[in-house]
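Quick look at what TrEMBL annotates:
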type	residues	note
COMPBIAS	1-10	compositional bias 'Basic and acidic residues'
REGION	1-22	region 'Disordered'
TRANSMEM	31-52	transmembrane segment
TRANSMEM	64-85	transmembrane segment
TRANSMEM	97-118	transmembrane segment
TRANSMEM	154-174	transmembrane segment
TRANSMEM	180-201	transmembrane segment
TRANSMEM	256-278	transmembrane segment
TRANSMEM	298-317	transmembrane segment
TRANSMEM	354-372	transmembrane segment
TRANSMEM	378-397	transmembrane segment
TRANSMEM	409-431	transmembrane segment
TRANSMEM	437-456	transmembrane segment
């Protein structure tokens, strides 16, 4: 097609891979160990630890069992990340779950993942983080009352547009923003942890007496509590989305995982203990913004620092989510599962700008139509459906193809535990507490099945799309990242 015949006019950044018979415009390998740890920790520590504690406590019914959920979520995130680290050293390509499902199970399930991820899952994740950023950013301007939803949504939209500009300009700029904001949010969490330890030393342990009293029974309640807790750990797999941009991925990927996730888990547990030291469970449940309530009680006139810190934290997290989410769209398009224009990179800046712009547009639609809690439940159900499929792919490779070269191996019991957890998290809320957001997913995936056969399998592409792609390519100054050398 006309789109595939265009070549980049920027030869210094092109390279030829004779073994594949393709000339490639490549994204730069600019993500090292520190940036890798920042990408994982910086994305994980976002809105969740400041928004989810009240919901985990609400579903579990008491402080002790809610702390167990937080610890279990950290362990599960670690198991998942270690499993993905092995996959990342076998299949050294960007794209996370999408590229693993494609290489192991084939085109059809990979298309369904790409379709749901690019149009729903990643934009939903970004929208939820930006909404929580907006809640905390505007909170100081509305003391004693909830800010108007129109103000919150406009602020969230402005956040997404700013992130689009940063990520389209330069990969190094995006990773530098990640590193700075990760340092800021770690400092904010340390303030909360130290404040909590001081309160405990003074004997404020009332919340922990009879800790298991009033535990909520039911597998559905535990499943939804896990959804809210695991939302706070979301991002444990983010480095697998940018494998091609890692320096020495076979070393950087496992090391970054082993540093970032235990660090985040310890911080989350200590922050939850600090919240419960400062507030009775009933106060925590009635708080719209837990960290702000903690700041009012512990820091007094300096409480504004917490709102600022949380806003910085969630902005940094949304940057990490955006950075990796755009890559899924870009890789899926490069493999022929999305429109060609989304597989292209800017000829000078070497960023996948069309994919980033598309992700931004879908996130803006999510912000207009959704709220934080419904978006989290919706995101979690569909994400764990595909996590389970990806982990089953790893088990298949371990059993059927043990001879494949890999620089890191995870014990087989870990992906087995992860798969059982994924099945539980998908089925438990459906069986016990079916929610309307989950029912929307079935017809959406069905529409993906309908689209796959004409557009991907039989490659029926209307001619006017070629003309639109060519005009967009000229306007955005982008070129295909791969093309047939013939």
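Just so you know, glycine gets a Cβ as well, placed from its N, Cα and C.
Please treat TrEMBL annotations as automatic predictions, because they have not gone through curation.
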Does the transmembrane segment (180-201) come close to the transmembrane segment (298-317), meaning at least 3 CB pairs under 8 Å for residues 6 or more apart? yes
Please tell me whether the transmembrane segment (378-397) and the transmembrane segment (97-118) touch - that is, whether there are at least 3 C-beta pairs under 8 Å between them, with each pair 6 or more apart in sequence. yes
Do we see three or more Cβ pairs under 8 Å linking the transmembrane segment (409-431) and the transmembrane segment (154-174), pairs being at least 6 apart in sequence? no
Test the contact criterion for the transmembrane segment (180-201) and the transmembrane segment (256-278): 3 or more CB pairs under 8 Å, pairs 6 or more apart in sequence, then answer yes or no. yes
At a threshold of under 8 Å on Cβ distances, which of 31-52, 64-85, 97-118, 256-278, 354-372 pairs most often with the transmembrane segment (437-456)? 97-118
So which of 31-52, 64-85, 354-372 is most in touch with the transmembrane segment (256-278), counting Cβ pairs under 8 Å? 64-85
Are there residues at least six beyond either end of the transmembrane segment (97-118) with Cβ under 8 Å to its Cβ atoms? List them, or say none. 87, 91, 237, 240, 328-329, 331-332, 335, 337-338, 358-359, 362, 382, 386-387, 389-390, 393-394, 396-397, 441, 444-445, 448-449, 451-452, 456-457
Who are the long-range neighbours of the transmembrane segment (31-52) in its own chain, taking Cβ under 8 Å and residues 6 or more past its ends? 77, 81, 128-129, 131-133, 135-136, 175, 178-179, 181-182, 185-186, 189, 228-229, 231-236, 238-239, 242, 245-247, 252-253, 255-257, 259-261, 263-264, 267-268, 271, 289-291, 310, 313-314, 316-321, 323-324, 372, 376
